[in-house]
Amino acid sequence: MDYFGIPTVVSIPSERIVFSGLKMYVVESKGGAIACMLLALFFLGTWPAILTLLERRGRLPQHTYLDYTITNLLAAVIIAFTFGEIGKSTIEKPNFINQLSQDNWPSVLFAMAGGIVLSLGNLATQYAWAFVGLSVTEVITSSITVVIGTTLNYFLDDKINKAEILFPGVGCFLIAVCFGSAVHSSNAADNKAKLTSFSNDSKARAQGLKDASVSKETYANKEDLENGTATKEKAEFGTAHFLIELENKRAIKVFGKGTFIGLAITFFAGVCFSLFSPAFNLATNDQWHTLQNDVPHLSVYTAFFYFSVSCFVIAIILNISFLYRPVLNLPKSSFKAYLSDWNGRGWALLAGFLCGFGNGLQFMGGQAAGYAAADAVQALPLVSTFWGILLFGEYRRSSRRTYALLVGMLSMFIIAVGVLMASSGHRK
């Protein structure tokens, strides 16, 4: 038999060799755990940018999330039937298929509870991105996750992480959150100034046209821009014209709405995110001793499968209901309309894969080095901010104050992720 196209030379139990190597990489090796966390950091910071891009192009979030949740579940199935089936199944460490028939329902329920709160959190952030912005939403939710979730995981993991390193890392996240809030406030003030200046210029131009007796159809005034009827070249990132064009195209309209709704949704999502990792921790390590003595703990792959199934079920139920009873003044849709909407479907499916594999890698790293250290992936605003600047032009043409605060936020997040990874312990 061969693996990955490489023939085996010796006929001793090769599956054991492969299993030991994989176990070494995923479960026991600190270096492998850090590699999992870094890859998860990239995946989990990228998929929100993709969903934000689709919303800004006008695709209904209900349609996008239904596509996303399908491949999110598929990623868990792939992980379960590959990593979860590699190697010889033993009584102490059964493989994925064998664990499905065991009496491990207390742990299964913990895993499914984690999937439910993650699904609610992901669904909430899809709306928060429109109101609060991609970067700031990720900063706030990540900080809440670190403060609550990391603390819970530290005690659930029997303090295997180095507290003298771990909690300064948590403090770095809090400092970065302060920077992030200041960035949001400064950037909002910059945008308000742009729109005010644009309005004044439009009035002055209209008056000038009137005095010069020139036809108004020759130029695009503010009213034309707001109605989307002006024929001009594509607006540059960071300009008032760009902000108005974005509002006209996007699915969730945010002009004239208060920030309280967006912040409330964001904080709700943060609390949900802070609970899913501790729930998964309980599912795989049974710290509360809910399993019978002869029942092995759920493997990370089996727990992730149940976790993703519950995440999928909740997402399907809520989003199908939102098709017919939309929230936040979104237009009504239908399941038939969703099935025929192929605009951006490939991107939504890709986002689901990235999130699914990102979560799986985070849990695999957490099982090896401690789930508190695995919360280093909550530095994902580093990645999201990069995509926000590159794809959406966030912070373009902003003030020097905004740029200085942005550099401070990103620098503190880099320090935070390094410190949390340095706190990694070793699960016995």
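For all residues, glycine too, the Cβ spot is worked out from N, Cα and C.
Per TrEMBL, these features apply:
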TRANSMEM  32-53  transmembrane segment
TRANSMEM  65-84  transmembrane segment
TRANSMEM  104-124  transmembrane segment
TRANSMEM  131-153  transmembrane segment
TRANSMEM  165-184  transmembrane segment
TRANSMEM  259-280  transmembrane segment
TRANSMEM  300-324  transmembrane segment
TRANSMEM  345-365  transmembrane segment
TRANSMEM  371-391  transmembrane segment
TRANSMEM  403-422  transmembrane segment
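Count of Cβ pairs under 8 Å against the transmembrane segment (131-153): among 104-124, 259-280, 300-324, 345-365, 403-422, the largest is for 259-280. Each of 165-184, 300-324, 345-365, 403-422 was scored by its Cβ pairs under 8 Å to the transmembrane segment (104-124), and the highest score goes to 300-324. Here the transmembrane segment (300-324) has Cβ contacts under 8 Å with residues 26-27, 62, 65-66, 69-70, 72-73, 75-77, 79-80, 83-84, 96, 99-100, 107-108, 111-116, 118-120, 122-123, 276, 280, 283-284, 330, 332-335, 337-338, 356, 359-360, 363-364, 367 of the same chain, all six or more residues outside its ends.
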